[in-house]
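A short write-up of the structure that comes next.
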Amino acid sequence: MVPAKKLKIAFVHPDLGIGGAERLVVDAALGLQEAGHEVIIYTSHCDKTHCFEEVKNGTLKVEVFGDFLPTDLGKRFFIVFANLRQLYLTAKVVLSGRSKDKDVFIIDQLSTCVPFFKLANNKVLFYCHFPDQLLAIRTNWIKSLYRIPFDLLEQFTMYCSDEVVVNSNFTKSMYKKTFKYLQKNPNVIYPCVDTDTETLINDRDMQIGNLLVGKCPNFYLSINRYERKKNIELAIQAFAKASVENTNLVVCGGYDPRIHENVQYLQELTCLCKELDLSYTVNHYSDFIEDSYSVNEIEKLFGAKVIFLTSISSSLKEFLIQNMQLLLYTPSYEHFGIVPLEAMKYGKPVLAVNNGGPVETVVSYQKEDNEKSTTGWLRSADADEWASALIESKEVLNQNPELFKNNGPKRVIELFSRKAMTQEFETNIKLALRHTSNISIIYVVSIIFAVLLKVFVF
């Protein structure tokens with residue numbers, strides 16, 4: 001079921017940059033717009049030099065309110081100022097009359113504004129990527145105490161929504177454990193991936209990619225930010241234990257030399273390679289683009305068993321995914337995880353940890369049982385188990401190179417395409433429009449008072 005009429009839909013998002021949450025908002029807005037609805041995004045910040053192309057080129061209508069307000073005070077009180085900026089945005093939208101003709105507001109990340117839109121008689125659908133309080137760092141009792149009012153307000157402001165949705169069943173389970181006072185049972189709307197496989201690879205990336213494939217025709221690929229929680233060492237340890245002949249490991253991902261953890265973790269990974277007697281090279285993508293290396297020098301850098309690449313372009317990432325043997329997706333308890341879908345859409349198999357989001361995206365191989373639907377392997381985060389899976393994957397691919405070619409794309413189109421996501425949004429929007437609130441005006445006003453007290457006192 002979908003809404004019977006075309007709707008006026010507004011998104012509210014704190015910072016319209018280039019992160020995963022922003023990609024979801026842009027995809028949802030595009031999908032609903034393509035379905036004939038009138039869509040606008042309200043945000044507190046949007047840098048046209050640091051945003052997705054659909055925002056930059058005007059395909060999506062975006063209005064910014066409150067960008068003049070600070071985001072912190074001396075690198076502190078980020079949550080306070082995030083709430084303050086959203087309250088300013090909300091006031092501008094409501095008091096200017098922009099909210100009057102909107103059929104529904106889709107709000108994500110911060111729920112502070114929800115009771116204000118409800119007081120203005122708007123319908124609200126809240127998209128919960130993950131409970132914010134579970135992401136907050138609490139290094140001491142002062143910070144823990146500081147977070148209490150924000151944690152409570154997250155729960156009670158979200159409760160004012162007409163409908164709440166989450167990005168995976170894993171997030172749904174965490175939602176239920178975290179928001180114990182909420183009676184809402186959220187539906188799941190999976191993020192989508194671009195199903196277009198005719199990606200244009202730029203000339204320099206094509207040259208770099210061909211040089212790598214020429215030296216390493218059979219390689220496993222790991223794509224993650226250089227952060228310890230991504231557990232990249234699991235891929236390296238399993239690769240060393242499996243000792244699959246004529247195979248290399250390419251590790252690439254986000255890296256900022258200004259971030260201490262990025263630098264330190266990459267050093268730890270190279271030390272691990274030394275301990276495991278694996279040759280390695282570290283290659284910074286920016287050096288390739290600036291022509292700091294000749295073709296011959298680049299080719300030499302790709303002669304090691306383990307090849308580290310930092311902050312590669314989307315173009316080169318697409319090339320590597322298209323040409324890899326297997327994706328090694330190492331993080332545990334990922335809220336969702338989009339990279340496995342990026343591999344599956346090209347018909348490439350995935351080896352992932354058997355918890356969190358990948359349990360919902362990857363269909364684990366079972367011999368003579370699910371060969372028409374399998375998209376890879378799911379194993380516990382144990383190097384021995386992963387090594388066994390690598391050996392098995394080599395055998396399976398040697399026997400049936402085309403096994404995953406159709407399974408991955410079919411699953412992505414059915415469950416994780418923009419069309420599928422749009423249909424789910426339309427279904428849940430209809431539920432929000434039909435929802436008859438049993439929340440009293442006294443409750444809403446009380447929550448608004450608490451929000452204002454929280455922001456201006458804490």
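Just so it is clear, glycine is given a Cβ too, placed from its N, Cα and C backbone atoms.
When secondary structure is read from DSSP and collapsed to three states, Asn57 (N-linked glycosylation site) falls in the coil class. Cβ neighbour count for Asn57 (N-linked glycosylation site): 9 (other Cβ atoms within 10 Å of its Cβ, all protein chains included). Annotation comment: Swiss-Prot describes Asn57 (among others) as N-linked glycosylation site, evidence class sequence analysis.
Taking a C-beta cut-off of under 8 angstroms and a sequence separation of 6 or more, Asn169 (N-linked glycosylation site) has the following same-chain neighbours: Val188, Glu360. The N-linked glycosylation site annotation in Swiss-Prot covers Asn169 (among others) and rests on sequence analysis.
As annotated by Swiss-Prot, transmembrane segment applies to 438-458, with the evidence given as sequence analysis.
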